[in-house]
Amino acid sequence: MTLLAVERIKLFTTRSPIWCTLAALAVTIGFAALVAGVDNENPATIASSQFGYGFGLVVIMVMATLAITTEYRFGTIRATFQAVPNRISALLAKTTVVAGFAALVGLVTAFGSVAITKAIKSNADLAINTAFEWRATAGTGLVYAAAAIIAVAVGILIRHSAGAVSLVLIYSQLVESLIALIPKVGDDIQKWMPFYVANRFLTGDPDVTSRAVAEGPPASVTPLSPWGAAAYFVGFALVLLAIALFTANKRDA
Amino acid sequence: MIEAVGLSKRYGKTVAVDDLSFTVQAGRVTGFLGPNGAGKSTTMRMILGLDAPSAGSVRIDGKRYRELHQPLRTVGALLDAKWVHPNRSARAHLRWLAKSNRLPSKRVDEVLETVGLTGVANRRAGGFSLGMSQRLGIAAALLGDPQVLLFDEPVNGLDPEGILWIRRFMHRLADEGRTVFVSSHLLSEMALTAQELVVIGRGKLIAQCSTEEFVAQATENTVTVRSPQLALMRSALDEQGAGVREDKDGLVVSGMEMAEIGELAAAKGVVLHELSQQRGSLEEAFIQLTGDSVEYHAMGVDADPIAEAQTTGSTDLQPAGK
């Protein structure tokens, strides 16, 4: 608990988490407002309110990456290891705090998006009552948390802000979509890529009444069930974290 | 007490620290002297468990650093004053450090008071001058009221007032019975700050002795005299009360200026074959091992290092960085 408090103090005594959070809220909720305001042909649904989750995800991953790379950049990681020689505990505490905060931001963006859609289209049915609707909203918290773990792990491994942020962004935003362009095998590879799979958790198995194909983020065709997809994504994040912790424990700080 | 035994660190083919053994006693300020790049910082990082030694070990009161429970209560260290997030306030920086070792938050205010930063505690550390950053680093080192303190080049880049403050501060810490280990690349600075010295060059131990002893040897000026009439010369020198010892085919004279010896020889009508100034052998060994021309200059070979430090105040002849 002590170490969690330490990392909480560290995270909230610098400005970048605050700015990143505001940016994440602005892009997701703003996008939901845009969709609700512009699209008059399709009825507003829970799915259509969540179009912007990917944008918020990007911002939160940048925040999570910077939370660790700035420690390397400014040498505070050495001060940390000096105060807490058990590096695995220290880094686990940081990961927990950052992922927990990301989850919170994820929930606020998801429910905030629903709220703003409701405010704009007051007669739309935006009650959250099916399993799909719960995953599409509350599930965002889980996806943000796991994505933050991935970002922290990459940050620990790369240590440089620019390099780690570029890798996280290029991979999640470009590599996973472009890989589908490889002839023959591209689509099959893409089905198993972590962020693509995570999308399955949020958008898979829609209930017909609440989601037409044109509404909501494009669905994933991964053969996993939504919860299988969640386990796959979280598992990927934890494996990456384990590699990062092992590396940080071995090498010179 | 800090005890290093056969401490070594290799980076690929480069040997940064080579089979280093030394002890640092409590109640004294021990200087860690060596030119830039001699392996001082690497050694300090190994003491703190940040870098793993390639061979050997270093223990603090018999324990490896990574075995210490709440280490800030045992060892305080200032390795780099810039190891602070620039957007975090001085107080917030100390607050998370205190929390990590379950130190009461009133300790934060106490150490801020000790180093005189209370007035700027809520300002972002990125805006601090080097002197203020050093004070913040010292405050961090003092948080856990540790018995062992490590400082890496604490006076680097400080103004004379800051240097004096740090010097007095270290003495106070040692007088309280603490172990104080402070590195520097300046013999002149160490002559004033440290009572004991651990001297290294290129990662190897050159000397471990009292500062008095080291300075006496390092700055001893002797004059070599060669003459076909050595016996006559010797008795003349003895009359003058100079220290004389025989060396190979000449005399080594201490406690007398070269010019005086020349005049004495002329007065006695002694033929001289050689009259030359010699530096202390320990310093020669030091320079030879370090092989750094800038360092050689900074050592102040020709001038009295103590007087030089006192008159100039700032002894930082090196460009920034370590």
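Start at 1 and count along the chain as shown; that gives each residue its number.
Here the Cβ of each residue, glycine as well, is placed from N, Cα and C on the backbone.
Note that this is a predicted model, so its numbers are computed, not measured.
Per TrEMBL, the feature transmembrane segment maps to A:18-38, A:50-70, A:91-116, A:136-158, A:165-183, A:227-248.
At the 8 Å Cβ threshold, with sequence separation of at least 6, the transmembrane segment (A:165-183) lacks contact with the transmembrane segment (A:18-38), having fewer than 3 such pairs.
Contact between the transmembrane segment (A:18-38) and the transmembrane segment (A:91-116) holds: at least three of their C-beta pairs are under 8 Å, each pair 6 or more apart in sequence. Count of Cβ pairs under 8 Å against the transmembrane segment (A:50-70): among A:91-116, A:136-158, A:227-248, the largest is for A:136-158. If one looks beyond the transmembrane segment (A:227-248) by at least 6 residues along the same chain, the residues whose Cβ comes under 8 Å of a Cβ in the stretch are 87-88, 91-92, 95, 139, 142-143, 146-147, 149-150, 152-154, 156-157, 194-195, 197-198, 200-201, 204, 220.
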